[in-house]
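Feature annotation from Swiss-Prot assigns transmembrane segment to 2-22, 70-90, 100-120, 146-166, 171-191, 222-242, 253-273, 294-314.
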Amino acid sequence: MFTINILLLIIPILLAVAFLTLVERKVLGYMQLRKGPNIVGPYGLLQPIADAIKLFTKEPLQPSTSSTSMFIIAPIMALTLALTMWVPLPMPHPLINMNLGVLFMLAMSSLAVYSILWSGWASNSKYALIGALRAVAQTISYEVTLAIILLSVLLMNGSFTLSTLITTQEHLWLIFPSWPLTMMWFISTLAETNRAPFDLTEGESELVSGFNVEYAAGPFALFFMAEYTNIIMMNAFTTILFLGAFHNPYMPELYTVNFTIKTLLLTISFLWIRASYPRFRYDQLMHLLWKNFLPLTLALCMWHVSLPITMSSIPPQT
């Protein structure tokens, strides 16, 4: 039964990833006043399927000087970790209801750094290594603010369990009392998932395509899928944390519909940002985090610690 549950979670995610690639190409196309994919199937709807067949039937090449085992393990690990992060997300019921769901999410996103690092190192190419080092520095840096913002939200929530966030936001979405946190969280998720304007890892002008430059066919597709899985997961997480979806125990379907619409809107905003903004310079990226976000999040964290005490109430213990 548990295996069926896992499959029922993974298969829709992979389908969503496949069609997100199509949505992205369509949205970017229309924003640049062109059509986007429109040949394969009606309105280009079968394009992701054609892409998948092409990628997975090609011969997976690898450089003769690369470290074989690590070269193969890295993309598999990237996708596995990306899918594992969906386990504690309440939609409205999580696959496994963890007491420390948030901590699990943080741990998994930290582990995802290793797959990027290994892929860059195992490729035995300067471009790949520089891309990987950039990605790791960026991910680790932005995780600091993500963790502090999460802590601030959880202080209002009163528990590390993600399911209680639904109860906390029954009357008021957390985006309203903590909108500065939400803004910083959203920008940090962009940086965490290596999306434009923070896609320095794949700076085409200087690094060809970043850490996955030596990958082709199947393994490349796995990295690609991991990236998009992470994008959808981060937006789902943002929805749970700040845009508490409407939950009625008698009609749990309403929650899922509400949750999906909000996640979709956030994902489209990711694409909109990609179409609108140029890439940051590396020092600007680090300056934004260490000089702007970090002091502000620390101050807001202290504010959230003192808030329940000043209002002479303790956080709800669930």
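Here, residue 1 is simply the first one shown, and the rest follow in order.
Heads up, the Cβ atoms here are built off N, Cα and C, so glycines get one too.
The largest share of C-beta pairs under 8 angstroms with the transmembrane segment (171-191) comes from 294-314, of the ranges 2-22, 100-120, 253-273, 294-314. Through the fold, the transmembrane segment (70-90) approaches residues 9-10, 13, 62, 96-98, 101-102, 104-105, 108-109, 111-112, 114-116, 118-119, 121-123, 162-163, 165-166, 214-215, 219-220, 222-223, 225-227, 229-230, 233, 236-237, 240 of its own chain, all at least 6 residues removed from its boundaries and within a Cβ separation under 8 Å. Pairs of Cβ atoms less than 8 Å apart link the transmembrane segment (294-314) most often to 146-166, out of 2-22, 146-166, 253-273.
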